[in-house]
Amino acid sequence: MNFFISASLAFFVLSIYTAHYIVELHKTTKDSAERDFVSKTSLYVSIEEEEDVSYSPLQQDYYRDSCPSAERIIRKALKEIYKARPSIAPSLIRLLFHDCFIEGCDASVLVDADESQTSEKEAPPNLSLKGLDVIAFIKSELENTCPGVVSCADTLALATKEAVSLAGGPKYSLRIGRKDSLVTFKDIAQRELPSPHATLSEILARFASRGFSPQETVSLLGAHSIGITHCTFFQDRLYNFSGTGKPDPELNTGFLQELKSKCPFSASASSPSPCPDTASAPSLPASDYHTNYGLSSENQIDGTIDLSFNNEGGYLNFGSRYYRRLLQNKGVMFSDQQLMASEETETWVRAYASDPLLFQRDFIKSMVKLSSYHVLTGPLGQVRTNCSKVLPLN
């Protein structure tokens, strides 16, 4: 059974470090709310609980004695991989989401099926997950240095943290000490991971059941500003929205034509939207084929769209480009554009579109919360030596 982090640890103090300078204060006028401003450059945020760290189930220096080089090994390995494979960043963000959203951050999504249990990888929303090989490689590097010490759950969380930074997102620190699950949750993954066709109420309900507010949900979806998605996940919006035989009327007309040029009509587009269980949308259907911005050379039938739109606005616009496009009715997937369907979520879309640093601050807090959701600690889990195989019980 997963372990819930005590509500008493939910209050955070933000420590902000900058390589150059700090700007004093920034105000947003939405809801007359004042917000702390964060550093303009080299943002690095360390979030620490107000409580004594000795009472926290996760700790800042958990591997200080048992594997002091753990984070350095992960950082070095991912940096080298990213140079050759930049698409690993959105892939790991998605992989982390699919793990943590289903019964907590316990690396259950990495486990292969065997005679005793099924695998979450077999759930339809997980069939296109990428980055599993990268986590396996990093874990093997850790095992070479510190056998049986660093959990797969920590490996995934820390690798994702580095991936966010490498992709132009903000840097942040994480407490560690997660343990790995002994069981998997295929049925829950199939049922609970939100669909690209989900309505706003469905999306918010799924996140709320895991303790995430509408604001936190909107901030997490800013990760949709990088990665690649396949035409399959939104093609009905272009040709047969809700079985009408017409495009989604909410789509920006010019953007509709742009998408049509990259996602030509196919027989599948003339059918109603696919079953919600076929993909997952607050976690992008991201591909590892990062060099193809139009049609995928691997599969000419199912094209791909670069969600960064050729790194529109540069790396400083990680996240904010996504919200600006929503304001223009240029959300790629239906579930993305749904963030404009209520006054509350639209307020945050507008705030993040106009204030990238506000987004970075809130994205950091939401990513830390996601990465620490429902973790296993102490005797409640194990440390797998191979992330795809549960260790047998003694």
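Glycine too: its Cβ is placed from the backbone N, Cα and C atoms.
According to TrEMBL, the feature active site, proton acceptor maps to His98.
When other Cβ atoms within 10 Å of the Cβ of Gly104 (Ca(2+) 1 binding site) are tallied across all protein chains shown, the result is 24. As annotated by TrEMBL, Ca(2+) 1 binding site applies to Asp99, Gly104, Asp106, Ser108, Glu120.
The substrate binding site annotation in TrEMBL covers Pro194.
Annotated heme b binding site per TrEMBL: His224, in sequence order. A 10 Å cutoff on Cβ-Cβ distances gives His224 (heme b binding site) a total of 30 other Cβ atoms nearby, all chains included.
Sequence annotations record features per position, and here TrEMBL assigns Ca(2+) 2 binding site to Asp302.
The disulfide bond annotation in TrEMBL covers Cys67-Cys146 (among others).
Neighbours of Cys100 (disulfide bond), defined as other CB atoms within 10 A of its CB across all chains, total 28. According to TrEMBL, the feature disulfide bond maps to Cys100-Cys105 (among others).
If you look up TrEMBL, you'll see Cys152-Cys387 (among others) marked as disulfide bond.
A simple way to gauge crowding: the CB of Cys263 (disulfide bond) has 23 other CB atoms within 10 angstroms, across all the protein chains here. The disulfide bond feature in TrEMBL is assigned to Cys231-Cys263 (among others).
Taken from TrEMBL, the feature domain 'Plant heme peroxidase family profile' covers 57-391.
Annotation source TrEMBL lists site 'Transition state stabilizer' at Arg94.
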Open item on the list: Same chain, not part of Asp99, Gly104, Asp106, Ser108, Glu120: whose C-beta falls within 8 angstroms of the C-beta centre of the Ca(2+) 1 site? Give them in sequence order.
Closed with: Cys100, Ile102, Glu103, Cys105, Ala107, Val109, Ala153, Ser181, Thr184, Phe185
Open item on the list: Within a 10 Å radius around the Cβ, which one of these disulfide-bonded residues has the most neighbouring Cβ atoms: Cys146, Cys152, Cys231?
Closed with: Cys152
Task: Least surrounded among the recorded positions, given as Arg94, His98, when other CB atoms within 10 Å are counted - done: His98
TODO: Take the C-alpha atoms of Cys263 (disulfide bond) and Glu120 (Ca(2+) 1 binding site) and report the distance between them in angstrom, rounded.
DONE: 30
Task: Listed binding-site residues among Asp106, Ser108, Glu120 whose Cα sits within 10 Å of Cys100 (disulfide bond) - done: Asp106, Ser108
Open item on the list: Restricting to the chain of Ser108 (Ca(2+) 1 binding site) and a gap of 6 or more, list residues whose Cβ falls under 8 Å of its Cβ, or answer none.
Closed with: Asp99, Ile102, Glu120, Asp180, Ser181, Val183, Thr184, Phe185
Task: Cβ atoms near Cys67 (disulfide bond) (within 10 Å, other residues, all chains) - done: 19
